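Pulled from Swiss-Prot:
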- 2: N-acetylalanine (MOD_RES)
- 50-70: transmembrane segment (TRANSMEM)
- 79-99: transmembrane segment (TRANSMEM)
- 100-120: transmembrane segment (TRANSMEM)
- 148-168: transmembrane segment (TRANSMEM)
- 172-192: transmembrane segment (TRANSMEM)
- 226-276: zinc finger (ZN_FING)
- 306-326: transmembrane segment (TRANSMEM)
């Protein structure tokens, strides 16, 4: 059994020299961590006032950044959403390459390739008739996969906290890493696909002409036409469809199942695509497991801020500290 290293840090430069002379090659990973921890404390001894300034700078920057982001989102939501989506897409790529997370990189490349193709199809004019259904099916699939992955990851974390991993002879750190990884995958791709779907939904719906962001639709909606994809509806609301059913909203407008699910759940729309009347989701989705969960949506919004803007804010704080000579 390896001996336990007791690290005593002396004062000033002498203490730092003692720590620098420790041979790290013969130590266990835990002992190496203790030595590194002691070195950090020795390096920053006597910097309490400087650290207090750095904390104040961090808090002030977070408050100012939050106010600026809120104002930007309220005044120019379109540019805010586009910049946030771009950062959500590329910021993790930097950390993935830097930290050699190759599994995440492979999944990111596959998701980006298919999503780029789907987004390209959604932004073409004239819009191909099969494109809206392709877009909503793809993003609805990713939504379900990410939701299920997040649930499994959350359950793995909770089981680890309650010690149930010991029943399967799994180490707590391995079980926790597995749960947190799945939870992050589910939440990250859940945020990304919802933002892409919202952008595609607005673009396609305005191109088809039954929906406009402001003002009246440019086309009149027939009773047998879906306002999301513009295609004919062949299955009656009261009939059971072979591939998909037909849904009727509280405003009496009817839609394909995949289209309205993609519009409301994935595209984050809470109004009718044609008349903009508020959608009663509880009435439309009678099964409680199908209802979009409010807390899940709020959690995705929080993760969007964390991934897209937190690295930028931390970078600004580090730049201020560097200019002021704080460390």
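Each Cβ is built from the backbone N, Cα and C atoms, and glycine gets one as well.
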For the transmembrane segment (100-120): best-contacting stretch of 50-70, 172-192, 306-326, by Cβ pairs under 8 Å: 172-192
Residue numbers, six or more beyond the limits of the transmembrane segment (79-99), whose CB comes under 8 Å of its CB atoms: 69, 72-73, 105, 108, 112, 188, 191-192, 195-196, 198-199, 304, 307-309, 311-312
Same-chain residue ranges lying at least 6 outside the transmembrane segment (50-70) that approach it to Cβ under 8 Å: 44, 80, 305, 309, 313, 316-317, 320-321, 324, 326-327
The zinc finger (226-276), counted residue by residue under DSSP: helix, strand, coil: 10 helix, 8 strand, 33 coil
Average pLDDT across the zinc finger (226-276), rounded to a whole number: 75
